[in-house]
Amino acid sequence: MDVTAKYELIGLMAYPIRHSLSPEMQNKALEKAGLPFTYMAFEVDNDSFPGAIEGLKALKMRGTGVSMPNKQLACEYVDELTPAAKLVGAINTIVNDDGYLRGYNTDGTGHIRAIKESGFDIKGKTMVLLGAGGASTAIGAQGAIEGLKEIKLFNRRDEFFDKALAFAQRVNENTDCVVTVTDLADQQAFAEALASADILTNGTKVGMKPLENESLVNDISLLHPGLLVTECVYNPHMTKLLQQAQQAGCKTIDGYGMLLWQGAEQFTLWTGKDFPLEYVKQVMGFGA
């Protein structure tokens, strides 16, 4: 790719960032489509995020992806949020239109799209959702919008627990889905929730390097063949949770599905063009 002065810059702001496959994926897509953009990753944490947004405006960047730990903070630095992003309380995409910043969340639509593409119908189903960060709440919100009957959210009593309660209230007030929040330390409640669940989704960092040998499911017998187990983590590709799920006879969806579909939507938001999906799946080794 020959980058010229006509090229516009798209960023990714996160910390840590070295593990991300998004720059490779987006740049391959941009090159295939012949579009005058280049995508670069920047190590940005909560402390440096405000300055990074000022830099985005000053450099007239087309926009940026936003990942951990900035997804919730980023809502405070855009001029407009989509209705879904307001429901989530977090964004992963910013589009810059001449200094006017719009915030979107494609994590939820991407993950739910990956589930649907597998042939699974979420309408009327119950999801056990692990975590209350930006990815988890995005998945929960989109699932509620698209027809989940119930979401049983489990999170440790950390700084995200109150945010989880607020998220549940927003979803309960604005959709037909019923969301409950329970301390993950309550293993009896966790076991009971899994027994009646249709979907288990991990939206936490547990399973991601350097936590690749960990899983929030301590007892594999809690998993049953009728359960669909989905993962947000894609590095490593086969997390411990997915290994447990396959051993238990569950159908699984790895983190590549969410990465692909959320990235496809981002691509269109930034460029106005269709994402070369089949090409990217092939060159990135994401499979069918």
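Cβ from N, Cα, C; glycine included.
Neighbour density for Asp107 (substrate binding site): within 10 A of its CB lie 33 other CB atoms from the protein chains shown. The substrate binding site annotation in Swiss-Prot covers Lys71, Asp107.
According to Swiss-Prot, the NAD(+) binding site annotation covers Ala132, Gly133, Gly134, Ala135, Asn155, Arg156, Arg157, Asp158, Lys205, Cys232, Val233, Tyr234, Asn235, Gly255, on the basis of experimental evidence. The local packing around Ala132 (NAD(+) binding site), expressed as other Cβ atoms within 10 Å of its Cβ over all shown chains, amounts to 29.
For the binding-site residues Gly134, Lys205, Asn235, a Cα to Cα distance of within 10 angstroms from Lys71 (substrate binding site) holds for Gly134. Note on the binding-site residues Arg157, Lys205, Val233, Asn235: the fewest other CB atoms within 10 A surround the CB of Arg157. DSSP classifies Asn155 (NAD(+) binding site) as strand under the three-state reduction. A C-beta separation below 8 Å, combined with a sequence spacing of at least six in one chain, links Asn155 (NAD(+) binding site) to Leu130, Gly131, Ala132, Ser136, Phe161, Ala164, Val181, Asp183, Leu184. Local packing around the binding-site residues Lys71, Gly134 was summarised as the count of other Cβ atoms within 10 Å of each Cβ; on this measure the leading residue is Gly134.
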